[in-house]
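Asker: Shown below is the structure under consideration.
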Amino acid sequence: MEKRKIKIVDTTLRDGSHAVSHSFTVEQATAIAGGLDKVGVSLIELSHGDGIAGSSINYGMSKVPEMELLRAASKVVKNAKLTVLLLPGIGTIEDLQQAKDNGAQAVRVATHVTEADIAIQHIKYAKSIGMMAVGFLMMSHMASPEKIVEQAKIFVDCGADYINLADSAGHMVPDDVRARISALKNSIEIPIGFHSHNNLGLSVANSIAAVEEGASYVDVTCRGLGAGAGNTQNEVLCAVLDRLGYDTGVDLYGIMDVAEEIVEPIMQRPQIVNTASLMLGYAGVYSSFLLHTYRAAEKFHLNPRDILVELGRRGMVGGQEDMIIDVAFELSQQKTR
Amino acid sequence: MEKIKVGIIGPGNIGSDLMYKVMKSKHLQMHMMAGIVESEGIKRAAGLGFKTSLNGVDAVAADPDIKIVFDATSAKAHLHNAPILKAAGKIVMDMTPAAVGPYVVPCVNLDHLAHVDNFNMVTCGGQATIPIAYAIDKVADSSYTEIVACLSSKSAGPGTRANIDEFTETTRKALEIVGGADKAKAIIVLNPADPPLMMTNTIYSIVKNPDEKKIMESVYEYVEKVQAYVPGYKLRVPPVIDGNKVTVIVQVEGAGDFLPKYSGNLDIINQAATAVAEKVAENLLSKEG
């Protein structure tokens with residue numbers, strides 16, 4: 001019997017950007033993208049962690065403009081699709097056109113799980129200039145399977161090539177994933193992908209659950225480099241999928257070497273589940289809030305855990321890094337009273 | 001006392017809320033609501049005893065009693081409407097991102113725009129953040145200003161959703177032109193929390209002269225100036241100064257005239273437009289008198 005094919009989407013150069021505070025250099029991006037391309041991943045995502053044009057005070061300034069990184073990566077990516085992330089409200093169609101001019105072939109347009117309609121103009125534009133376009137729903141633990149189907153259909157109707165569901169807070173357990181992916185599988189015709197964070201130590205298990213329910217694209221990063229406790233670890237998932245009898249098309253030893261020899265040396269801290277990242281997963285908070293929360297906790301003399309719990313209680317969504325200061329200020333006022 | 005008659009084009013949420021604001025005004029008198037199809041907004045205006053028309057801009061342009069017009073349609077429609085209203089001698093508050101006329105933020109640049117007959121109201125995020133951006137730039141000289149506007153999902157209408165890029169681009173431009181930053185960036189986030197959150201806006205600025213006392217005083221002064229026409233405008237986080245970076249967070253609670261209080265974003269742009277129209281009316285009345 002032929003093995004089922006799973007497409008590996010490596011986002012070390014996008015989600016991993018959070019973990020290095022958006023400091024990737026041209027040399028690093030070239031080495032990582034080139035290495036990933038050689039070992040056979042399907043999509044290589046490269047952008048500021050918050051998508052193109054994410055370089056900002058709110059999310060952190062990019063050390064090197066991402067358009068330069070893209071241009072450099074496009075010279076070494078031969079087989080995979082060089083991909084960017086775009087969050088409507090941060091990046092615009094103008095930024096997307098620039099990304100295309102600098103070598104991007106695909107774009108994943110990401111919105112909060114209930115706000116898909118703000119991405120229609122970007123997806124349609126991407127399709128009109130010949131790019132692959134993916135509809136990407138963030139913080140999907142915050143919506144029911146029915147709501148997710150409704151939102152995914154908005155993407156399908158405007159021409160998306162596949163739907164990617166993200167557990168941006170690393171909050172879901174395998175049954176949560178199964179319920180959402182299977183609901184999508186039963187309702188839409190286009191392929192489904194899954195993106196996880198390891199805040200509860202479940203990213204590989206959740207990715208497998210997604211694949212078993214019919215997902216055919218899985219987001220990963222080398223060494224798990226990413227926001228919060230990081231993402232599904234590329235080399236681990238490829239090994240597990242191989243053992244389970246799926247065909248990823250990725251050379252297993254090759255990806256192990258890219259992770260160990262190229263990515264590991266540039267990591268700024270070990271990608272582990274520490275207290276704060278565990279709290280992200282437990283309280284359902286957007287993973288890229290982590291490093292910003294550490295900074296605010298230091299400035300306002302607070303425990304990061306208290307800030308994260310309050311952010312979760314308030315129902316903050318992706319992109320609201322500014323509210324970390326709001327919460328920290330409020331908590332510090334309460335302390336002095 | 002004599003009042004200046006007002007026409008509103010576009011009987012949707014914005015237009016209806018403007019109608020209630022005009023009804024409360026000292027110098028403005030609600031006269032006509034114009035749309036292009038029969039709608040709840042048209043019925044509402046008729047029910048309150050105002051003239052209504054389904055001939056849109058043409059009906060408003062043809063009515064000689066109307067001196068001030070609020071155009072609450074869309075950028076595309078306003079590009080069509082603007083020359084017609086100009087030819088008819090009307091003074092226009094453009095609620096769309098068309099930017100035919102100059103950007104106006106009442107507490108910042110209204111006094112310099114006495115001769116203007118088409119005022120562009122920027123965006124809701126612009127009305128909420130430019131006063132603070134300007135207050136900081138005035139005393140500390142901003143080289144870069146960035147804002148993050150968070151709106152409740154329920155208060156972001158279909159126009160905003162379909163053209164979210166227009167929001168970021170228009171707000172950025174106005175932060176530079178009116179707010180005074182050398183360079184600016186605008187970000188918008190929609191939050192679906194229920195009950196809906198109040199509109200919050202964060203203003204970051206990189207400044208050349210981070211004088212804490214002057215920045216504090218200036219920001220407090222401008223918050224008060226905005227409060228004069230937007231009572232629900234509130235400082236959540238007063239200036240936090242970190243080296244050459246200034247961070248300020250403001251919240252906007254709507255007046256609840258027609259729209260719910262969480263629609264602070266819609267309220268502030270309407271309050272600003274009404275404040276401009278009031279000023280224009282005052283000038284017209286003093287000329288006549």
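Using the three backbone atoms N, Cα and C, a Cβ is placed for every residue, glycine included.
Caution: TrEMBL annotation is automatic and unverified by curators.
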Asker: Given that TrEMBL assigns B:S155, B:A156, B:G157, B:P158, B:G159, B:T160, B:R161, B:A162, B:N163 to the NAD(+) site, pick the one from B:N55, B:N265, B:N270 that the record assigns to that site as well.
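Answerer: Of B:N55, B:N265, B:N270, B:N265 joins B:S155, B:A156, B:G157, B:P158, B:G159, B:T160, B:R161, B:A162, B:N163 in the NAD(+) site that TrEMBL records.
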Asker: Mean pLDDT, the domain 'Semialdehyde dehydrogenase NAD-binding' (B:5-116)?
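Answerer: Its mean pLDDT is 96.
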Asker: For the recorded positions B:C124, B:S155, B:G157, B:R161, which Cβ has the most other Cβ atoms within 10 Å, all shown protein chains included?
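Answerer: When each Cβ's neighbours within 10 Å are tallied, B:C124 leads.
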Asker: What is the number of other Cβ atoms found within 10 Å of the Cβ of B:N163 (NAD(+) binding site)?
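Answerer: Excluding its own Cβ, the number within 10 Å is 18.
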Asker: Mind sorting out which of the recorded positions B:C124, B:S155, B:G157, B:G159 are close to chain A, meaning Cβ under 8 Å from one of its Cβ atoms?
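Answerer: Cβ contacts with A: none found.
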Asker: Sorted by position, what residues of the same chain at least six away from B:G159 (NAD(+) binding site) have a C-beta under 8 A from it?
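Answerer: Counting only residues 6 or more apart in sequence, the Cβ neighbours of B:G159 (NAD(+) binding site) under 8 Å are B:S74.
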Asker: Reduce the DSSP letter at B:S155 (NAD(+) binding site) to three states and note it down.
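Answerer: In the DSSP reduction, B:S155 (NAD(+) binding site) maps to helix.
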Asker: In terms of DSSP three-state secondary structure, what is the assignment for B:C124 (active site, acyl-thioester intermediate)?
Answerer: helix
